[in-house]
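Visitor: Got a structure here, written out as structure tokens. Questions coming.
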Amino acid sequence: MKNFTVITLGCPKNTVDSRHLIDALTKEGFYYVEEFKKADFVFINTCCFINDAKEESIDEILTAAKFKIDRKLIVFGCLSKRYGKELEKEIPEIDAVFGVDEKDKIIDYIKQFSKNSNFISQNFQYTVEPPSYRYIKIAEGCSRRCSFCIIPDVRGPFRSLNPEEILKEVENFVHSGIKEFILVAQDITQYGKDLKGYTLKRLLKDLCSIKGDFWIRLLYLYPSDIDENLIETIADEEKIVKYLDIPMQHSEERILRLMGRRGTKKEYLKKIKQIRQAIPEVTLRSTFIVGFPTETEEEFQRLVDFIEEVQFDRLGVFKYSKEEGTKAYSLKGQIPENVKNRRYNEIMARQAVISLEKNRALIGKKYEALIDYIDADIAIARLYCHAPEIDGVVILENTADLKAGEKVTILITEGYEYDVKGVIV
């Protein structure tokens, strides 16, 4: 028994965890396979951020259990950290359950089933990401304690990862031809607060000093902690794409305080103005929660007005999900699902209009694009203003001789609500 596969659910941080597990197991001589039916060991990296994520994880486990036969089914990640005993009781087909950050325990477990096999350590690099980009996790955990979020209980307090290891990982990927590195953590603005004399600005400067042609993208910046130094660094460094993902969650101060969030609408507007003045070409992305307990219709409409005023380039919306163990779980004034759905749909419809207008404004302009996938007669690419998996894409039709992971110059020819079309020039 030496073949394994990994099914990854949830956020980019889980993607990184899966990649590290794959690397560790291949170095131990196990073989990564993409097809479930060829695997002796099936790993499922789970998520429990909201109810939909929990349901998706459980559905994936049940599907794997149904076709298990003589395979070993191993579940790890956030859901199993939080509900490990319940999973083992309710789904007896599961052979082992691990939490987060237990890679060494997983390796010890899997090795016991192959004691008599002759293993050869592999130098092949398998990945759960395309050949164009890699997520780079720069910190683990979170100490924010937002009232709607279970992450601190699952992943622990915020810990910055070793900068030398981060730089080494990126440098190795640059040498292998990767063209984009997406820095992720629950809140990257906190990076370095627990290190002596090493800050996020220093990390960005050190990353940009690595020789090579690549992009650096920043995801998940806490709005109140984006300072002038960080804005200046992003503006000055050519390798950092002018794209900021700033989850604001709401515009109204009363709701923000119930959420355990800092900041006010006035402060947010001031910060956005400051960023756009310093970086005129910046793409701003944010996420918001609708239907948080006690959110009134007036507060929701003021949120809609705020979104209209700011004109975010990219926007994500979540319907509030009641999570056990969070402070918001016991709040009175829970919003009915039909109201959440209506509010969600209204914001998404408004944002679709904004997005269409912004995408049509790109028509006739030339950009550098990074190709993620080649599929039949089309290629899927992204501009600096597109983060993978969460934003739209560029659809290219003249794809002869193109390769995934390649950068090309393109002309935008059509714009839609979320995607654009282009041709290579």
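The backbone N, Cα and C atoms fix where each Cβ goes, glycine too.
The following feature annotations were taken from Swiss-Prot:
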- 2-115: domain 'MTTase N-terminal' (DOMAIN)
- Cys11, Cys47, Cys78: [4Fe-4S] cluster 1 binding site (BINDING)
- 128-357: domain 'Radical SAM core' (DOMAIN)
- Cys142, Cys146, Cys149: [4Fe-4S] cluster 2 binding site (BINDING)
- 360-425: domain 'TRAM' (DOMAIN)
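Map these features onto the structure and tell me what's around them.
Guide: When secondary structure is read from DSSP and collapsed to three states, Cys47 ([4Fe-4S] cluster 1 binding site) falls in the coil class. In sequence order, Leu9, Gly10, Cys11, Asn14, Ala53, Lys54, Glu56, Ser57, Gly77, Cys78, Leu79 make up the list of same-chain residues 6 or more apart from Cys47 ([4Fe-4S] cluster 1 binding site) whose Cβ falls under 8 Å from its Cβ.
In the predicted model, the domain 'Radical SAM core' (128-357) has a mean pLDDT of 97.
In sequence order, Gln249, Met259, Gly260, Arg261 constitute the residues six or more apart from Cys146 ([4Fe-4S] cluster 2 binding site) in its chain with CB-CB distances below 8 Å.
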Visitor: So around the [4Fe-4S] cluster 2 site, Cys142, Cys146, Cys149 aside, which residues have their CB within 8 A of the centroid of those CB atoms?
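Guide: Same chain, not in Cys142, Cys146, Cys149, Cβ within 8 Å: Arg144, Arg145, Phe148, Ile150, Ile151, Pro152, Gln186, Gly260.
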Visitor: Counting every protein chain present, what is the number of Cβ atoms, excluding its own, within 10 Å of the Cβ of Cys149 ([4Fe-4S] cluster 2 binding site)?
Guide: 22
Visitor: I need the most crowded of these binding-site residues: Cys11, Cys78, Cys142. Count other C-beta atoms within 10 angstroms of each C-beta and give me the top one.
Guide: Cys78
Visitor: DSSP-wise, what's the residue breakdown of the domain 'TRAM' (360-425) into helix, strand and coil?
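Guide: When I sort the residues of the domain 'TRAM' (360-425) into the three classes, I find 1 helix, 32 strand, 33 coil.
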Visitor: Can you list, in sequence order, the residues of the same chain other than Cys11, Cys47, Cys78 whose CB lies within 8 Å of the CB centroid of the [4Fe-4S] cluster 1 site?
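Guide: Close Cβ neighbours, site residues excluded: Leu9, Gly10, Lys13, Asn14, Thr46, Cys48, Phe49, Ala53, Gly77, Leu79.
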Visitor: Per DSSP, what is the residue count of the domain 'MTTase N-terminal' (2-115) in each of helix, strand and coil?
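Guide: Secondary-structure breakdown of the domain 'MTTase N-terminal' (2-115): 60 helix, 22 strand, 32 coil.
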